[in-house]
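Some notes on the structure that comes next.
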Amino acid sequence: MSSVVVVGTQWGDEGKGKITDFLSEHAEVVARYQGGNNAGHTIVFGGVKYKLHLIPSGIFYKEKICVIGNGLVVDPKALLEELKYLHDRGVSTDNLRVSNRAHVILPYHLKQDELEEASKGDNKIGTTKKGIGPAYMDKAARIGIRMADLLDREAFKEKLEQNLAQKNRLFEKMYDTEGFSVDEIFEEYFEYGQQIAQYVCDTSVVLNDALDNNHRVLFEGAQGVMLDIDHGTYPFVTSSNPIAGGVTVGTGVGPAKVTRVVGVCKAYTSRVGDGPFPTELHDEIGHQIREVGREYGTTTGRPRRVGWFDSVVVRHARRVSGLTDLSLNSIDVLTGIPTLKICVAYKCDGKVIDEVPANLNILAKCEPVYEELPGWTEDITGVRSLDELPENARKYVERVSELTGIQLSMFSVGPDRNQTNIVRNVYEA
């Protein structure tokens, strides 16, 4: 039995999709365990670039089972659009499985998300307005509608009527806007459910059977540790748990069945949306990193904020996710910068801080303590081993591994699959 979890160690957008796609080649099953279609990942397969938001990266391998676990919230309309996107490009989706326990995003979740974000004014958290948060709210409040309900005409209508009575009061009384009628939603979304029905099953059984039969299972996280609702920069976070612990509740696979946890990070730091960002760059170097690294959101198109590599953040990710392996991406983006900086600690009110503060007022006041390293000018995009890296690039990579306390297993020097290099096999480690 071998199972590997891929976790983002920063604020998302670390290149998890590419690493998951790369590791998918040696897995029999690929599963997502949290989030929804708020997370975009770009994959290059067969020389073609694909942008996915909900379906696991392993979908391009028709012999591999791809699972959307119970921990996700699924917009049926968005899922069908993504299925069509793949079908139009000749990609089969017969290998997809969707949990019957996954919660469903409905039009009132999208509306609630938009209205709540607008009402916060300057205190907005930067939601993608995909209805993710409100759907998770309903799940916690025990009024959510699950995939199993969506497929049952009577159960779906009954739950929808109950929910709309409550949601419409919210829209009318709090936001002074019209709500929805049952007829507006019911037939359309019940039909979506019927189109998705062929994929829906108990995915916990699928995953545990695979592991019990010694198949390799890859768990694909979305977002990153710093966006985790418990361990991230709350409230500037997502509504689920991207950390490795999210696998257990989000798939129905026990923690003892997880063997390795790969932390994915970029050789610098980026984030979309609001919230403290200690190493953020507002200068020409920041602009260079953004443009060379194409730092624009896959889902929103928003320019990402960028900054120097923050080892405090990645050490935090190592601790809360139990990271066993490091995949360092986008090293090539730093080529040509004369002096590179790595944040080794924070300083606040004269005190050195080695951990990420829970209090965001303190984090906002933190100044990074930097260690400087010389850069390199050589083109490294064709490098295929650590030994081939220029001395300064190799020292930078080694220092990142030392400061984070995570063993380097993979590194990448460009966006293509063949630019991802294996230092050690995470399935056999």
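Cβ from N, Cα, C; glycine included.
Keep in mind it's a predicted model, so treat the numbers as computed, not measured.
Features of the protein shown, as given by Swiss-Prot:
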- ASP13: active site, proton acceptor (ACT_SITE)
- HIS41: active site, proton donor (ACT_SITE)
- 12-18, 40-42, ARG304, 330-332, 412-414: GTP binding site (BINDING)
- ASP13, GLU14, GLY15, LYS16, ASN38, ALA39, GLY40, HIS41, THR128, ARG142, GLN223, THR238, ARG302: IMP binding site (BINDING)
- ASP13, GLY40: Mg(2+) binding site (BINDING)
- THR298, THR299, THR300, GLY301, ARG302, PRO303, ARG304: substrate binding site (BINDING)
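Using a 10 angstroms CA-CA radius around LYS18 (GTP binding site), the recorded positions that qualify from ASN38, HIS41, THR300, ARG304 are HIS41. In this structure, the CA atom of VAL413 (GTP binding site) is 24 Å away from the CA atom of ARG302 (IMP binding site).
Listed in sequence order, the recorded positions near GLY15 (GTP binding site) (C-alpha within 10 Å of its C-alpha) are HIS41, out of HIS41, THR128, PRO303. ASN38 (IMP binding site) carries neither a helix nor a strand DSSP state and counts as coil. Among the binding-site residues listed (GLY12, THR300, ARG304, ILE331), GLY12 has its Cα nearest to the Cα of GLN223 (IMP binding site).
Comparing GLY301 (substrate binding site) with GLY40 (IMP binding site), their Cα atoms are 10 Å apart once rounded. Recorded residues the residue listed as 'active site, proton donor' and THR300 (substrate binding site) have their alpha carbons 12 Å apart, per Cα-Cα distance.
Distance from the CA of THR300 (substrate binding site) to the CA of ASN38 (IMP binding site) is 9 Å. Taking the C-alpha positions, the distance from THR300 (substrate binding site) to THR128 (IMP binding site) comes to 7 Å. Closest by Cα distance to ILE331 (GTP binding site), from the recorded positions ASP13, THR128, ARG302, is ASP13. With respect to GLY40 (IMP binding site), the closest of these recorded positions in Cα terms is ASP13, chosen from ASP13, PRO303, ARG304. Neighbour counts were taken at the CB atom with a 10 A radius for the binding-site residues GLY12, PRO303; the maximum falls on GLY12.
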